[in-house]
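What follows is a single structure, written as structure tokens, with notes after it.
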Amino acid sequence: MTTTARMQRANRGSHFRAYRLHGADPALLDPFMGIDHAWMSAPTFPPHPHAGFSAVTYLFLDSETGIANRDSLGNSVLIEPGGLHWTAAGRGVIHEENPAVLGSTTHLLQIFVNLPRERQDAAPFALTLAPQDVPVVQRPGVRIRIPLGSFGDVRSPLVPPTDVTLLDISLDAGAALDVPLPAGQQAFVMPIFGSAELDGETFGLDDLGVPILPAGAEATTFKLTGKPGGAKVAVFIGRPLHQPVLSNGPMAFASQDSLSAATAAYHRGDLGSL
């Protein structure tokens, strides 16, 4: 049975706006913790810590510039339009992301993915996928980019610490696509522009609706169809971790002891600096 979550609009001045999907119930999006579909044209968030989960940035191809990413591990990376950067925060890291060219607009997904409990206290690390390395599948009236996970027999080369799928799907008006949903995994579909149907039910950016398909005992498929004017959607698929989520905002762990330890480490300066 499909349910529907609602995105919230958010703004920070004239240089940042977003549609945010953050479930009050951690089970709603598990293993994802939240998604920001955003446009950013100037520095918005100063250097800040993360711990216990992964912060993932994916840039859509229509971004006017890339994002300059740097972290307390010494990494300095340009995320190009169409590329993806995965920061596995583990026991703690500080990072910052800004448009590479100030005044030019980046169009992105900021994705927060939980880490399995046994990986939450591990050393932080980062992974980057260049735009040219993102697999693409073409179907009549449909284009699918696969920055994470797989679609059919086509798989992203990135191997992240939490096995999830992200599909960037463009649909012409009337074009349809069957999306496989493996047994034991749940999915949700975020509208990026326009309107589409999921198994005959219309959703779109204007109504802020995000259809959620819960995990089932058997593999299944769901059908996406572009409405007049076409649509772009982001499909998120993952196996729920079914673990507690204790958060203080920028950090989230399965245990209070780990959360307290990471918070103390940050205040001592153990996470480094930029």
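Glycine residues also receive a Cβ, built from the backbone N, Cα and C atoms like all the rest.
The Fe cation binding site annotation in TrEMBL covers His48, His50, His95, Glu97. Annotated domain 'Pirin N-terminal' per TrEMBL: 42-113, in sequence order. Positions annotated as domain 'Pirin C-terminal' by TrEMBL: 167-271.
Same-chain residues at least 6 positions away in sequence with a Cβ under 8 Å from that of His95 (Fe cation binding site) are, in sequence order, Pro47, His48, His50, Ala55, Asn69, Arg70, Asp71, Ser72, Thr87, Leu274.
Taking the binding-site residues His48, His50 in turn, the residue surrounded by the fewest other Cβ atoms inside 10 Å of its Cβ turns out to be His48. Within the same chain, the residues at least 6 positions away from Glu97 (Fe cation binding site) whose Cβ sits under 8 Å from its Cβ are Phe45, Thr57, Ile67, Ala68, Asn69, Ile79, listed in sequence order.
Confidence over the domain 'Pirin N-terminal' (42-113), given as mean pLDDT on the 0 to 100 scale, stands at 98. Within 8 A of the CB centroid of the Fe cation site residues His48, His50, His95, Glu97, the other residues of that chain are Phe45, Pro47, Pro49, Ala55, Asp71, Thr87, Val93, Ile94, Glu96, Pro250. Under DSSP, residues within the domain 'Pirin N-terminal' (42-113) fall into helix, strand and coil as 0 helix, 40 strand, 32 coil.
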